[in-house]
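Asks: For reference, the structure I am asking about is given below.
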Amino acid sequence: MNFEEAEDINGVRFAWNTFPCTKADANKLVVPTGALYTPLKFREDLPIAEYDPHCCLNTHCRSILNPYCQIDPTGSWICPICGNRNPLPSHYQGISNENLPLELNPNSSTIEYITARPVANPPIFFFVIDLCQDEDNLKALKETLVVSLSLLPPNALIGLITYGTMVQVHDLGSESINKSYIFRGDKEYTDKQINDMLKKPVVVPAQNFANSLTRFFLPLEEVEFQLTSILENLTKDPWAVANGDRPLRSTGSALNVATNLLHSTFQGYGARIMLFSAGPDTLNPGLIVGPKLKEPIRSHSDIDKDNAKHYKKAIKFYDALAAKLVKNSHTVDIFAGCYDQIGMSEMKNLCNKTGGTLLLSDAFTTSIFKQSFLRLFNKDSEGYLLMSFNGTFDIKTSKELKVSGLIGNASSLAAKTNNVSENEIGIGGTSQYRLCSASPQHTYAVFFDIANTQSLPPNSQSYIQFITHYQHSSGTYRVRVTTISNILTSEDAILTQSFDQEAAAVLMARVTLFKSEQDDGADVLRWIDRMLIKLCQKFADYRKDFDESFRLSPQFSFYPQFIYYLRRSQFLQVFNNSPDETAFYRHVLLTEDINNSLIMIQPTLTSFALDSEPEPVLLDSVSIKDDRILLLDTFFHILIFHGKTIAEWRKAGYQNNPDYANFKQLLDEPKQEAAELLVDRYPLPRFIDTEEGGSQARFLYSKLNPSTTYNNQTFTGSNGAVVLTDDVSLQVFMSHLQKLVVSGSN
């Protein structure tokens, strides 16, 4: 079974598909023994059991009955994780290979249980809307929100906050008048203060919820008309904005009120706060930039030099909100609809720690916002939302392994079980994590430490079990269980054959991003270079001090170029990006699966020509030809680039002449392929149509390996375009790598 087939079945890809036998051997591998796991990955033939799972009785284990368990005919099963013997359920007595229960079937290495435990509350959606925006932007946002109401479950509980200079909490239960409670936008309120203000007697005390805070969250089917009317009648914040000033915007206060209101009403139940912001917070708490336009918003340079005077204070405020949200199992989604930065860099942990969406768009009028937001409410074949709520993620391991940590949109539950390693990678010190929200695309990097210190017999097995508890949109609690077995070996040849360079590249990319949040950018680049050199010194074939002897086996041959493109990517090279853009890009990479992550790291390039089939080509400047059309997919952008000759023919209108039908077809082919890429992509990519000499051609040139540059004229003319850059090409990068490896440098 190849790596992709295993991923299709279990949603798991390992960097090393066999593990080193001892801790000492593991330390020599450079790339950690880690896995990328997509808990809710769609699988058409997923085994589903409509009963509760059977757990190991060892209180320090509690792993779940699975196909790797040894079944004793006398009526017991032996747990492969801890070795404990457990009694089989009475109705499983006398089972055989011909009548195995579903969870013991060899095809049930991944299985989902629908438990008998009911969900007390439907999912909760809490809209938080910025009114400091122009009428066109606000109008487009209102229209999209009204459309989204038709996509929510009818029983979903809905709440609404609008804010500008003040924060308004809307009482949707008030039928006769539109009623709201006003909070100051420049004040941080405690739970008690919010409770005291909102629990004051209301106009209609006869209603059951009259004096309860739950009256601010009502079933959509009961308040849809009222809510639609409120949304349609929202207007721009009336607070005057003086010349030379920014609007007084209270995003931090609005999020503070929303977080505390949910904390007081629905602790431990699935809820999403959806923030729609059109600019930066200019009021404390959570201030991003001062109200005077003469004060510029912070840049990467300001942050690096510690010149961003509001940055650390804002991060501290939003991180405190994130901690409360995680404790309550609530999620935050942030949608930006403006050219300005809104403060995503400061607010990113609201989404990163809760599994929420971070979406950057130029305006709420754009398709990127509209379609991406509505795709968040995609449904499965039974009509249920493709989003989970209120989840936990447990990692069980046999005694040979320990959990080093996790990197992804999750938070630690701080449960230090006996399989937790002291060597932390990412979010460590635990084997249990909170997944406030997840989708079928959410992927988590899990890292393991080899605990074994002694040699083992050949073909010794280790076991890993991933257990994901979550609230399903249908109103049931479910448990997704994946159990994996890996061989432990001391032979380098077997380890080499088991290396998945794609998974390894994505795992190392996640480790690199995690380091980037703590360390200096130059130090991170030096670290990833050292790791690549060490890996090649361990697994490449070469003769010392002889460059031409350097060879990598097919299992490793693409890995250096993945690292090359990662070094050049917007994830690490932040010079041309704002802090908000960097936060957005990194958030998406920490969310997506291997295939999408690789597209982000090393974009794909397809060439189209007359009278020939489309073909993948090198992501290289030599691929630019006058008579070709190129389709670039960076995940965030889909770009169609017309070569010089093609662009001239298009301007001349040849495609409108029936005699040149094949040219018209050539122009249409990349558009059709681009449309197919756009169908399922989340968030929706930006579409760019450009040509040789066009202003937006820079998006293509910035991604290409510059093998033909202004100071390297070896391949000019018809052999490719000249790239105006001082960046090192892949060829030079590989040459330096070979020299360092064969010389024994680090």
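Cβ from N, Cα, C; glycine included.
Annotated Zn(2+) binding site per Swiss-Prot: Cys56, Cys61, Cys79, Cys82, in sequence order, evidence recorded as similarity to another entry.
Tell me what's around each of these sites.
Replies: Neighbour list (Cys79 (Zn(2+) binding site), Cβ cut-off 8 Å, at least 6 residues apart, same chain): Cys56, Asn58, Cys61, Ser63, Cys69, Arg85, Asn86. Mapped onto three states, the DSSP output places Cys79 (Zn(2+) binding site) in coil.
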Asks: Going by DSSP, is Cys61 (Zn(2+) binding site) part of a helix, a strand, or coil?
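Replies: DSSP assigns Cys61 (Zn(2+) binding site) to coil.
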Asks: Mind giving me a neighbour count for Cys82 (Zn(2+) binding site)? Other Cβ atoms within 10 Å of its Cβ, every protein chain shown.
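Replies: Taking every protein chain into account, the count is 21.
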Asks: Which residue among the binding-site residues Cys56, Cys61 has the fewest other Cβ atoms within 10 Å of its Cβ, if you could check?
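Replies: Cys61, out of the binding-site residues Cys56, Cys61, has the fewest neighbouring Cβ atoms within 10 Å.
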Asks: Using DSSP, would you call Cys56 (Zn(2+) binding site) helix, strand or coil?
Replies: coil
